[in-house]
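Here the structure is laid out as structure tokens; the discussion comes afterwards.
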């Protein structure tokens with residue numbers, strides 16, 4: 001297995017953050033990202049970049065972090081107990097975008113690299129990441145295009161890659177207590193190292209580079225769609241699912257909190273406004289019911 005080049009991965013991630021922020025600013029056309037660099041007492045640091053109250057995006061956060069530690073946290077060793085006691089480095093770019101317009105989906109993307117080392121032993125490393133889409137008022141053409149782009153990203157790496165990571169995404173972004181998916185999925189991968197460093201890194205780069213290719217056309221198509229208070233209230237209600245998933249199930253959030261990560265950056269994914277409603281049930285045949293009936297369960301889109 002080829003030797004990991006940590007510096008090359010870090011350089012790519014910093015550049016990716018810059019390029020995604022530039023692309024999102026261009027899509028918004030009004031607001032700009034404020035950068036907030038931070039250091040972590042236990043080792044490492046990062047830069048959080050947040051755009052708020054834009055013409056298109058109510059809030060968009062794009063975070064780069066590179067943290068180091070002397071021992072692995074419980075969230076990372078739960079399914080890899082052999083890694084307990086190793087020092088680690090974790091780096092990645094993570095983003096969440098909450099648009100103003102309920103007809104534009106919320107989206108999340110993340111690419112990351114993890115390496116754990118111990119004197120006298122080979123390093124253990126892997127890549128992870130993916131992206132997923134959470135519409136409020138979905139359009140089938142948007143969802144199909146999103147998944148076609150996902151499939152195109154995976155194609156050079158083998159025909160089995162897209163179905164595998166699409167299925168993993170559907171399974172990961174699932175709320176058992178609601179019995180529904182968080183959205184319409186995309187790609188999710190983790191523990192990627194079996195093809196060696198170069199090939200694994202290439203796939204992670206393809207996913208990171210492909211995110212805006214998948215998302216930008218949907219934003220452009222829907223950003224002028226008119227909406228009213230009904231759509232806004234439903235958007236705020238459905239954002240509650242995002243909060244529930246991230247605080248209860250998301251491994252990245254739990255890892256960050258357990259490793260003493262920067263709380264503001266970890267919770268950057270939270271929507272700026274959200275609401276809950278007791279025992280909400282959409283009206284039969286309504287656009288809101290369409291989301292529940294046709295989109296919040298795994299489907300083959302391409």
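Glycine residues also receive a Cβ, built from the backbone N, Cα and C atoms like all the rest.
Note that this is a predicted model, so its numbers are computed, not measured.
According to Swiss-Prot, the feature active site, proton donor maps to 108, an assignment based on sequence analysis. In this structure, residue 108 (active site, proton donor) is part of a beta strand by DSSP.
For 94, 110, 111, 112, 260, 261, 262, the entry in Swiss-Prot reads substrate binding site, with the evidence type sequence analysis. Over all protein chains present, the Cβ of residue 94 (substrate binding site) has 25 other Cβ atoms lying within 10 Å.
Long-range Cβ proximity for residue 108 (active site, proton donor), meaning a same-chain Cβ under 8 A and a gap of 6 or more residues, is found for 94, 95, 96, 97, 131, 132, 134, 269. Residues annotated as divalent metal cation binding site in Swiss-Prot, with sequence analysis given as evidence: 98, 108, 147, 177.
Note on the region 'Important for dimerization' (242-277): its mean pLDDT in the predicted model is 90. Taken from Swiss-Prot, the feature region 'Important for dimerization' covers 242-277.
Positions annotated as site 'Important for dimerization' by Swiss-Prot, on the basis of sequence analysis: 177. Following the DSSP three-state reduction, the secondary structure of residue 177 (divalent metal cation binding site) is coil. Around residue 177 (divalent metal cation binding site), the same-chain residues at least 6 positions away in sequence with a Cβ under 8 Å from its Cβ are 244, 248.
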Which of 260, 261, all binding-site residues, has a Cβ with the fewest other Cβ atoms inside 10 Å: 260
Rounded Cα-Cα span from residue 260 (substrate binding site) to residue 98 (divalent metal cation binding site), Å: 26
Same-chain residues at least 6 beyond the ends of the region 'Important for dimerization' (242-277) whose Cβ lies under 8 Å from its Cβ atoms: 36, 38, 40-42, 46, 48, 50, 52, 58-59, 61, 63, 65, 67, 69, 73-76, 90, 94, 96, 98, 106, 108, 110, 112, 134, 173, 175, 177-178, 182, 233, 236
Position of peak Cβ density within 10 Å, selected from the binding-site residues 98, 112, 147, 262: 98
Integer Cα-Cα distance in angstrom, residue 112 (substrate binding site) to residue 147 (divalent metal cation binding site): 21
Residue distribution over DSSP helix, strand and coil in the region 'Important for dimerization' (242-277): 22 helix, 0 strand, 14 coil
Inter-residue Cα distance where the pair is residue 147 (divalent metal cation binding site) and residue 260 (substrate binding site), in Å: 35
